[in-house]
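What follows is a single structure, written as structure tokens, with notes after it.
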């Protein structure tokens, strides 16, 4: 690739300015939840893969966790398997779980692995069933149907939450040149498979390995105040206040809960990142401004 002198100087300046960040994060583990537009736009896909390879090359240990809800929905439709949702969660019987495993652990996972390998990295695709490193337990949801006086606990099938994470399995990758790409499928002691929310898996993996950062890629610009302004830096106490006054609500709550849990468990910072921005992960790591909202135990300005 040919550069003009001016362009070459700009590149050199960027590389030089990134040195303090490289020194700070070398040897650290970053857990990145990959989803949203970043997973469906070809240019963003290629950029994400290169960014992950770059992290590994400079000594950062990235762990990628991915979702795949739309792809699961598409495959179920092709197979004429009807999807039913309760409180936004897919009811997952045995037949549906077979499709979930096929799509998440096969199609989507291997597409991401291939992207990273094409960018020059050495990625390996795994699910929580490999070495049973993600133990799961069944998730029951509270649901109040029309006419009911109180909510009831509903069994929605093979949908779970993380019971534990075997860190020794993940440490193997940290000490190698392999980049783990995790499909969010867990397993219980009886060998039953469970589909787990990818944000939740990313958060619990970050907690278990003592990650420096948890990064959740989304299709929004970050956490916003009631006027629509992006809040670039928040303490956990400030986030609690924003939840209490209704600023943070709805679909953002599960992501924020994962981020809060991770930070409260010792992860240095969690980031809600705009995955629609090219190279969003690098911008969040190697610049002061970033492209989303940083959540930590420190108030902004301290």
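Glycine residues also receive a Cβ, built from the backbone N, Cα and C atoms like all the rest.
DSSP assigns residue 33 (site 'Transition state stabilizer') to a strand in the three-state reduction. Within its own chain, residue 33 (site 'Transition state stabilizer') has 65, 66, 67, 198, 199, 201, 202, 214, 215, 216, 217 as residues 6 or more apart in sequence whose C-beta sits under 8 angstroms from its own. Annotation source Swiss-Prot lists site 'Transition state stabilizer' at 33 (among others).
Taken residue by residue with DSSP, residue 69 (substrate binding site) is part of a helix. Annotation source Swiss-Prot lists substrate binding site at 68, 69, 90, 195.
Positions annotated as site 'Transition state stabilizer' by Swiss-Prot: 255 (among others). In sequence order, 199, 216, 218, 272 constitute the residues six or more apart from residue 255 (site 'Transition state stabilizer') in its chain with CB-CB distances below 8 Å. DSSP assigns residue 255 (site 'Transition state stabilizer') to a helical segment in the three-state reduction.
In terms of local Cβ density within 10 Å, 68 ranks first among the binding-site residues 68, 69.
Taking the centroid of the Cβ atoms of 68, 69, 90, 195 as the substrate site, the other same-chain residues with Cβ within 8 Å of it are 67, 72, 73, 100, 103, 104.
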